[in-house]
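> Here you go, one structure.
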Amino acid sequence: MKQGKAIVVFSGGQDSTTCLFWAKERYAEVEAVTFDYGQRHCLEIECAKEIAKELDVKHHILDMSLLNQLAPNALTRTDIEVADGEDGELPSTFVPGRNLLFMSFAGVLASQVGAKHIVTGVCETDFSGYPDCRDIFIKSLNVTLNLSMDDTFVIETPLMWLNKAQTWELADKLGALDFVRERTLTCYNGVIADGCGECPSCKLRQNGLDEYLTLKKGLKA
Ligand SMILES: [Zn+2]
């Protein structure tokens, strides 16, 4: 039987939508939280809204525009190019402190709505060089959140050790492969579903999907 309540940190992208399906299968009650920080594409927020509505999940949208005030970056500013980090530099899409802030606010919300579980789609395998997607950061923050509120939150990271192909596999196991493929937005150029095909995010997503579908075909044959 499903038990407990979870807050899913939800962007409307492939990873967090897969996490939302994962949480719905696991917990009696699930709510989603989306952070609006002036993303290049407000379509991202619209996507998230529609998915939450369709999955019948209570959806909180929090204004985090201060993040863009503090740290202008390639995700919020069209005059900054999306580029992979070279020679050990962080990619231009890295927003300093983003997950620290988002997860902290998710923790405050969780305490308000009485949720013990906080679910996030961060992933160390495909972490693109983001330090705040690493398992050690999440574990450290979990301790900090619990100390700060004298509570016993559990941060769940179902995708932490999966590669993109395995994330597609998880969506498929949850009966959500087509939904995730058709309804989510991960493209830096704001193209829904299979995306623009050109940006780093689309390439990662498509390569993972191809790899998984090939594997699945192989298993059936
Ligand atoms: Zn793209």
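For all residues, glycine too, the Cβ spot is worked out from N, Cα and C.
Positions annotated as ATP binding site by TrEMBL: F10, S11, G12, G13, Q14, D15, S16, T17, T18, C19, L20. Per TrEMBL, the feature Zn(2+) binding site maps to C187, C196, C199, C202.
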> How far is it from S16 (ATP binding site) to C196 (Zn(2+) binding site), counting Cα to Cα, in Å?
20
> Identify which of the following binding-site residues, namely F10, G12, Q14, S16, T18, L20, place a Cβ less than 6 Å away from any atom of ligand 1, and list them by sequence position.
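Among the binding-site residues listed, not one has its Cβ under 6 Å from ligand 1.
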> Measuring Cα to Cα, tell me the gap between L20 (ATP binding site) and C202 (Zn(2+) binding site) in whole angstrom.
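Cα of L20 (ATP binding site) to Cα of C202 (Zn(2+) binding site) measures 21 Å after rounding.
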> Which residues does C187 (Zn(2+) binding site) neighbour through Cβ under 8 Å, counting only same-chain ones at least six apart?
G195, C196, C199, S201, C202
> According to DSSP, does C199 (Zn(2+) binding site) fall in a helix, a strand, or coil?
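In three-state terms, C199 (Zn(2+) binding site) counts as coil.
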> In the structure shown, which of the binding-site residues L20, C196, C199, C202 has the fewest other Cβ atoms within 10 Å?
C196
> Tell me which residues of the chain lie with their Cβ under 8 angstroms from that of F10 (ATP binding site), as long as they are six or more apart in sequence?
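Same-chain residues close to F10 (ATP binding site) (Cβ under 8 Å, separated by 6 or more) are S16, T17, C19, L20, A32, V33, T34, A48, I51, A52, H59.
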> Specify all same-chain residues, apart from the site residues F10, S11, G12, G13, Q14, D15, S16, T17, T18, C19, L20, whose Cβ lies within 8 angstroms of the center of the Cβ atoms of the ATP site, ordered by sequence.
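Not counting the recorded site residues, we get V8, I51, G121, V180, T184.
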> Which one of these binding-site residues, Q14, S16, T18, has the sparsest Cβ neighbourhood, judged by other Cβ atoms within 10 angstroms?
S16
> Would you list the other residues of this chain near Zn(2+) - those whose C-beta lies within 8 angstroms of the C-beta centroid of C187, C196, C199, C202 - in sequence order?
T186, Y188, N189, V191, G195, G197, E198, P200, S201, K203
> So for G12 (ATP binding site), how many other CB atoms are inside 10 Å of its CB?
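I get 25 for this one.
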